Each structure stands twice: as C-alpha cells, then as structure tokens.
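Q: Handing you a structure now.
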Amino acid sequence: MKAIEWRNNRLIILDQTLLPLEEKYLELNDYHAVAEAIKTLRVRGAPSIGVAAAYGIAFGALSIETRYCSEFLPLYQQISAEIASTRPTAKNLFMAVERMDHVVASGTDVLQVKISLVDEAVKIHREEEEASRKISTFGADLIQPGWTVLTHCNAGPLATAGYGTALGVIIAAHQQNKGISAFATETRPLLQGARLTALELKEAGVPFKLITDSMAGHFMKKGVINAVVVGADRIARNGDTANKIGTYSLAVLALAHGIPFYVAAPSSTFDKSIESGNDIVIEERKPEEITYLRGQRIAPENIDVANPAFDVTPANLIAAFITENGIIRRGE
C-alpha cells in the first residue's frame, strides 16, 4: 500500500478513512481536493501531511494561467494559505509550505518556478522516505531481543509516506530477527491503531496484540511491556512533544513503571521557533468523531464534547528521540 504517489502531475492517495475494510485510491485533480483530503484525514500522519501539502501547492501553482510574476504571486499566496490552514498542529505541514514559499520567493520566471515547485515537492517526499528508513534503523538498535514494544496511534508507512517512524522501528527490529512483539492501542476516537497500525503490523508479520487505550497501564504493571515507541506531530525546542491524544498518559504510565518511552520523528517535525509545548496549537476536532462510530450514534444527543486531537508530553518523560541523524537522549 502506498499512501501517496505523484504520477504524471497527478496526486494519488490511499483513502485512509476506509481502511481496513476498503483499499481505495483517489486521484486528486486540484489543490482544493488536496486540502480537503488533509482536513478529513484521508491523508494523515505528520510526514505524510507535509508531503501532501507540498504536492498540493505544486498542483495549485501548475493551474495558474499566467506568465507574469505580478499576477502569479497573489494567486499562489491564496493556494499556499489554503493548504497551510488545513491542520494547525503538525510541524511538517508548515515546513513544507515554507519550503515551497521559498522557491517562489527565489524565482523570477513563472514557468521555471512551476517546474521548481514540482521538483521541491518530489524532493520533500524523497527526504521523508529516506528519513523514516534511517529512523527505523537507528531505533531498532534500542530494541533488545525478545522485547514487547507498545505503540500508539499510527506511525507506519501510511503516516510517513515512507518506511515509518515509530512503527518502522518495530518492523525493523522484527526484520532483524530479534524475536520482538508489539502491543497496539486502538487509539480512540478515530481508531488509527485498530484500523491502520494493526493492518501494517499484520502485513509486516510482526506478532502483536491490539488493546484498548485504557489497557496499557494494566499490561505495564504485569511487566509485559518493555518499551514504548511513538511518533510526533511537533516537537518544541525544549523537547516537549505533541502527538496523538493519549500519548501523555502513556508517558506518565511508562515513567511510573520504569519503562523507556521513545519518540521517533524526522528533523522536519522539530520546531525550533517555539520554546515549549505551551506554544503548540492543539487542534480541536468535531464532536461527532466521539459521539458517532462508523455513522452510528453511540452517545446521547445534545451533550457537550471535548475532542482535542493531540496532547503534549513534557520532555522530561521522554528517554530519547530517534531521528534520521541518530539518537538524542534526554538532556542532550
């Protein structure tokens, strides 16, 4: 399964909202469709969002019918702004937008700028693929033979447009014949763990158990879990990390049980412009994601719902960051 593919100036994405029941690929024909796919989680995971954003901007730029920079620039800025507004938390999205904006700011010929934007999007895609492969290799070195590793949400190939970050670490350790196994949390409310991580672990042949989010502490107390590895959507300068809601709870539980808690993320997820997690904008999503399940209401009508998509794990709870440049241990 390929999450994202750029083919003949068309963006092909796998609709992740339908998995694992249906494997359906969508051909996106304009940047509005790309923006909508990001908003609705048809494409998701911080690195994949960044890649899709870059292609979406390239898409939009190719559709601008002018050869004059004075006419091209304001239309391009509208496209860039729409893509940037899709989701507020993932750093990779804004990294991609900034890189594409820089290409435009550096150009003087509209045709050449369009070509350069496509080239930059492809470059971002290849960089994320390569980064996830290196992350997986470095991270596998931390996993001891026979360990059971817990992961949360989905940080595999579907989320990274490549090999995977947190899930890539687990898969790489398995491929090294270390005899490891995994626990995957279902990840309410959108069940990325049950729908996506379970699918990827199954396809990779990794022995695993799917559990509800609230079971993690029980299995840690029983001594079943040896490490926790998660991905990230944005990492502040001090190491505070935003990731899927429920990550912070797992980090607290891991600390209480003496279990190392690792964050696997590419350098594109690190945001040096913000000092701490207090500065990270947390996306609030629709209440229907909690009150409905697969189109069926599961909660009473007319109730208040809180639905933050992410939480922030303080840096002091994280044993190490696994990046494409190596391992960064706490305090380094």
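Backbone N, Cα and C define each Cβ position, glycine as well.
These came from Swiss-Prot, pasted as-is:
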- Arg44, Gly45, Ala46, Arg87, Gln192, Asn243, Lys244: substrate binding site (BINDING)
- Cys153: site 'Transition state stabilizer' (SITE)
- Asp233: active site, proton donor (ACT_SITE)
Q: Using only the Cα atoms of Arg44, Gly45, Ala46, Arg87, Gln192, Asn243, Lys244, which the record gives as binding substrate, return the largest interatomic distance in Å, rounded to a whole number.
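A: Across Arg44, Gly45, Ala46, Arg87, Gln192, Asn243, Lys244, the widest Cα separation comes out at 17 Å.
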Q: Between Gln192 (substrate binding site) and Asp233 (active site, proton donor), what C-alpha distance do you get in Å?
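A: The separation of the Cα atoms works out to 15 Å.
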Q: Distance between Arg87 (substrate binding site) and Asp233 (active site, proton donor) at the Cα atoms, whole Å?
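A: Distance (Cα to Cα, whole Å): 11 Å.
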Q: Around the substrate site formed by Arg44, Gly45, Ala46, Arg87, Gln192, Asn243, Lys244, list the extra residues of the same chain whose Cβ is within 8 Å of the site's Cβ centroid.
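A: So the extra residues in range turn out to be Ile49, Ala90, Cys153, Asn154, Ala155, Ala159, Gly231, Asp233, Ala309, Phe310.
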Q: Take the Cβ of Asn243 (substrate binding site) and count every other Cβ within 10 Å, whichever protein chain it belongs to.
A: 29
Q: Sort out the sequence-distant neighbours of Cys153 (site 'Transition state stabilizer') for me: same chain, 6+ apart, CB within less than 8 Å of its CB, listed by position.
A: Thr185, Thr187, Gln192, Gly193, Thr197, Val230, Gly231, Asn243, Lys244, Gly246, Thr247
Q: Where does Arg87 (substrate binding site) sit in the DSSP three-state scheme?
A: coil
